Structures are given as structure tokens and as C-alpha cells.
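What follows is a set of notes on a single structure, which appears directly below.
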């Protein structure tokens, strides 16, 4: 398994991948995890298994996915980073690479995660952002969305806001931050009016961020009242929540770890 | 040929196309022009030929390409715009549609064109911008680039800055504006340090903007002195100029027409 534990911070454009998770042998090329494993194995010339902190869906992006792998190869972190980036396809980049204690585990050690969801507002969606935002024609009612977001904060059973099917699975999670911010993105060749949704929590259920984003959007479109959030949470039934917003607007932005584990040993 | 003349302003993501120009029958799907012709013919139920103001290369984008077509169909411009956008693939959008006098010709009537070229600076290029900028690891010397840009302004024989092979072809053009501007693009998921090059002229030779962008970059990398520009222009030889910058950083941004022609008749 190796005597070194290497932590990665990754950015990737999910539009070309079937998601984070390694697939069956015949599909290997198309998951972020399998491309990383093949590439790093080749660079270090030893077999590498990469553990990610979260399984992003098909089409979902990352600007700060955390991952780790064990290895033997004695190369300094900066050299290893450069060699891996050199070999990776252009749509996956290692942003940071550091050596961490052997017991660091990118999923089990994670204390919190932050996701970002991007809506683009406008009759004519940007041709350059179509894989990177969810385009909606009209500006939603942002104060109503904020009111609904407040009701989602804190510790709740989020079963209604997930695609989780297992009855015996613990669906209680804690949301620490849920910000809705209108932004104007300049410089991407055309001014783009967007809404940025930032959500931080101690863990997220399957599809939870996308269903929260979709439900908040529908509150902003007055398909629901903000107060309906409490009723939806209490019902614990997926069919009572709003749509699952499409993957292209979603980014895994940051994974945070307890300070003592995050300490770099080299 | 039709009794109406319709002018379009188009945005497109060139990364999925073999360029603007219609190709041989078997490749039709892949050029912007042929996709527009097929789509508009289908929407208006008559055969449409689309004329563009500039033939963008494979991988080159547009935020303001101008085009026009003749038709018979009696539909109001706003309805026609909506119907065409509905039918087009997501990476081509009609931004504006207006009815113009019958003698308007998007190439022959054009008075000036503006192109934009985008460099991204950084050791780790953005995974989301790889088809939309030319990534360079280090910041070039911008004052040196500006000095060289000044020498390109005005009327010159630009043969050395083009891929034009025909000896008897007039290669004199006029550059009215050539701006180099460092910009920080926020909101595209990560702060991106870029250099924007804006160039306006009365016409551009084949590959002229890309060879100018490449040569200015090399001046900024101190492979040439700014003063070498005069020597390169005088030589009229392509091999004396710098590299041809890759297509992904290039955008056809605006085509301007004399005021009297541009007048909308409806």
C-alpha cells in the first residue's frame, strides 16, 4: 500500500466524464478517478488507488475536490505535482499536492464540504457557459430564496432533499452556510448575469445539493412558498421537494479537514 | 433569392466546429455556416444561403459575427429570432436579428472588424477555460508588447503577418486600434489572470490576428525587440514573424457597417 500518503486538491471539468467514480473495466477511461489512477500509476510506476472525498456525478465539476493515495516512490511533492499535471488530460489539474500523515483519509477525515451552484439568467444563454451553468430565462425572487435557505440551515433530516432509497440509512445532516448571491461575471467574452449558491455542511446525501438548488429556484419562481421548506423536510419524501437541478451548474469547491490532520509532514 | 434581407449577429463556441465555412457535402454538420443554413432552411421552410462577414478558423469563436440571408417568409424579426434559436444547437446563438435593405452584404458592406485574443497566465491553466484562452505559464512584458503594438498601427503591407500565399494578392490593410489590457476574470469558478488583446482594422488577412497575437507575445517574452516589428513588416516574409497563436484564444467580436447600410428597415 505504500509508505507515503499524498493528498491532492483537484480541479476538473466534469463535462467529459461519467463522474468521479471508477466504472467497470470497459468504461475506465471516462471517470475522473480511473483517469487519475491510470495517470499516477504510469508517472510513479507503481499501482495507485485514489480515494476521493466526494463522488461527483456525471457532468459535475470540481474546483477543490480532495483526494489521497498511498505510494512508495521517493519524489518531492512539487516535482510529483508537475509530473502528474504533465501527464493528465487538460480537463483535470492537480492544484495542490502535499504529503500527509498515513492515517489521513480524504473521505473519512473530512470535516466539511462546500459546493457551489451557478445559475445564469437571460433569454439567450451564453454559448461559452452552457456546460458550466444552469441557464434560466428570468431572474427569480432572490429574497424568497434567501428566506427558504434560512429554513434549511442547521441540523435536519434531509431525506426529502435526496435520492437516497435505503430506509435504514441515516439522513440527518448539518448545513452551516447557505448563501445566495447575485453576481455579474465580466470578461467571459460577454457580461453574464448569474446567481451563485454556496452551501457548506458536514456532509451531503446523494443529489442533495442539486435538489436543494432546484427547490430554492422553484421558491424563487413562486412555485412554492419559502415556508413550504419545513413541510417538505418533515415529510421526508423526495416527491414533495422541487426538481433536481442539472449537473452542469454544480462545483465541489472545498473540502475542509481538522487542522491536526491537514498538517503537511513535508 | 427572396425579397427580404435578414441580418444576424451571432455568438458561437467554435470548439465543436471545423470553422465558419461550409465544407464538402459529407462534412456538412461540422461548420457553423452549414449548421446555420440547415437550421434556418428548416425553420423557414425555404432554402437559405447564409453569408458571413468573416471566415473564422477551426476552433475560433465569435461573440459578434455578422451574417445575412435572403428569404421570402413573412415572419416578424423577433419571432424569427426566437424560432431560429429554438432550433439551433446550444453552441450557436443569434444575438440580434433585423431586416436590412436588399443591398446589404455582410462581407462586402463591412467597414471594420474587431477581434479579441485572450491569453491566460499561470502555471496551472484553468480546466474550464482550456478551449477559450491560450494558456501561457508566465506573465509577459506588457510595456514591450504595447510598444510593438504601436508599430503595427496604421496602414501597412501585412504580408509577413499572414498565411497568404498568392503573390498577386493585395496585402495592405489598416489597423485602427490595438489594445493590450491585463484583466482579472472573477467568477469563472477561480480567479483567472488574463491578457486581452483587442484589434480593430478595415480587414484582416488569413491568420493575421493569430500571427500578430503570437508575435506580440514573443516580444513580451523577449524573443524579439519591439523595434523588430518594422523589420518584419518590411521583409514581407511570413518566416520572419512570430508563431501563429492557437485558435482557442480568438474571438470575432464585432463587425461594423456604414451607418446608412446598417439602418434597419423594420
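Any Cβ shown, glycine's included, is placed from N, Cα and C.
Straight from TrEMBL, the features:
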- A:11-106: domain 'Pseudouridine synthase I TruA alpha/beta' (DOMAIN)
- A:57: active site, nucleophile (ACT_SITE)
- A:115: substrate binding site (BINDING)
- A:148-258: domain 'Pseudouridine synthase I TruA alpha/beta' (DOMAIN)
- Counting Cβ atoms within 10 Å of each Cβ, the densest environment among the recorded positions A:57, A:115 belongs to A:115
- Compute the C-alpha separation of residue A:57 (active site, nucleophile) from residue A:115 (substrate binding site), stating it in Å without decimals. 13
- For the domain 'Pseudouridine synthase I TruA alpha/beta' (A:148-258), give the DSSP counts of helix residues, strand residues and coil residues. 35 helix, 35 strand, 41 coil
- Query: Hey, does DSSP put the residue listed as 'substrate binding site' in a helix, a strand, or just coil?
  - Reply: strand
